[in-house]
Amino acid sequence: MGKGGNSEDAVSGKEHGEENMAAWLLGIKTLKIQPYILPSLGPYDVKVRIKAVGICGSDVHHFKTMRCANFIVKKPMVIGHECAGIIEEVGSEVKNLVAGDRVALEPGISCNRCSLCRNGQYNLCREMKFFGSPPTNGSLANQVVHPSNLCFKLPDNVSLEEGAMCEPLSVGIHACRRANVGPETNVLIMGSGPIGLVTMLAARAFGAPRIVLVDVDDQRLAIAKDLGADDIIRVSTNIQDLDEEVAKIQSTMVTGVDVSFDCVGFNKTMSTALNATRAGGKVCLVGLAQSEMTVPLTPAAAREVDIVGIFRYRNTWPLCLEFLRSGKIDVKPLITHRFTFSQKDVEEAFETSARGGNAIKVMFNL
């Protein structure tokens, strides 16, 4: 496998006479567009001119705190990982792509040697090098170098912005696969932020007949309803309201909750999911807001409610692109804000995403 876009120590330079620029995270809420030296092109690599980059919640965490979960930014790092672009150059052994192809990039490079990789669980590889996850540089840049097998050609009717949206959509698709969502699966989703919404879109594409979204924010719930939620339920942040809210969820679902997705990851959201899910059902933990939670596991175990988790995704890009090509999923309404790749716009875009509000997906057009 090639090196990919991981020139971790390079901060300045030119690439074939053209300055390659990137958005470097230098400190808390400090981003600066600076030169970025690309690694040399390996035989199985491609050079991609990046055209669309979305801002993810993990990018915002890095921007605001210089860390996300256990990943800590200790030195300047190029930010970003949701991306698509146009092939500019291919390595000597690349056969499936040519210059000019439009591609969506899967951002994680696994080792392909460990037992997890050999078992097909490459997303859990301990040697993973993931765009914009320290210490690996990201994709908010004019150009990146990336392994060709992680670049997926876009169908003619799928835009570069939609290609960049394959990354968050992959989270929803992987979650639905882990939970075995199908045409007879009634789905509850805790949280109507970006990940809750893509999980809803994925569940519908997998055939879920009824989907209910729960949130504390009326504005987000209204967006979920517009995007196709069968019902929406506003809840409080007060744990004392849990039993009443679970009863409301169950009456709204009518036939029972087969699968619950917690796309938030708080004590209350996970407790709600566990209590609302029918006996023999499944709860999938997607959001990881809290590292530790106190939740009612014993009653859930007594009802044989299975609990599964996800970490990122694996083998999802081809299905993402097919759902987008066929129209089974439309991610365009999720893109609420667009910015150019200028110093001013980079700063404003991250502040916009950090504020939340009516911003769902903030997208750069390079």
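Start at 1 and count along the chain as shown; that gives each residue its number.
Yeah, the Cβs are placed from backbone N, Cα and C, and that goes for glycine too.
Feature annotations, courtesy of Swiss-Prot:
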{"type": "BINDING", "residues": "C56, H81, E167", "note": "Zn(2+) 1 binding site"}
{"type": "BINDING", "residues": "C111, C114, C117, C125", "note": "Zn(2+) 2 binding site"}
Inset, instruction - May I ask which of the binding-site residues C114, C117, C125 is closest to H81 (Zn(2+) 1 binding site) if we compare their C-alpha atoms? - result: C125
Inset, instruction - Give me the non-local Cβ neighbours of C117 (Zn(2+) 2 binding site): same chain, 6+ apart in sequence, Cβ-Cβ under 8 Å, ordered along the sequence. - result: S110, C111, C125
Inset, instruction - Tell me whether C117 (Zn(2+) 2 binding site) sits in a helix, a strand or coil according to DSSP. - result: helix
Inset, instruction - State the Cα to Cα distance, in Å, between C56 (Zn(2+) 1 binding site) and C114 (Zn(2+) 2 binding site), rounded to an integer. - result: 28
Legend entry - Rounded Cα separation (Å) that holds between E167 (Zn(2+) 1 binding site) and C114 (Zn(2+) 2 binding site): 24
Inset, instruction - Quick one: of C56, C111, C125, which of the binding-site residues has the smallest count of other CB atoms within 10 A? - result: C111
Legend entry - Number of Cβ atoms other than its own within 10 Å, given for E167 (Zn(2+) 1 binding site): 28
Inset, instruction - Taking the recorded Zn(2+) 2 site as C111, C114, C117, C125, identify the other residues of that chain whose CB atom sits within 8 Å of the mean position of the site's CB atoms, giving them in sequence order. - result: S110, N112, R113, S115, L116, R118, Y122, R126, E127, M128
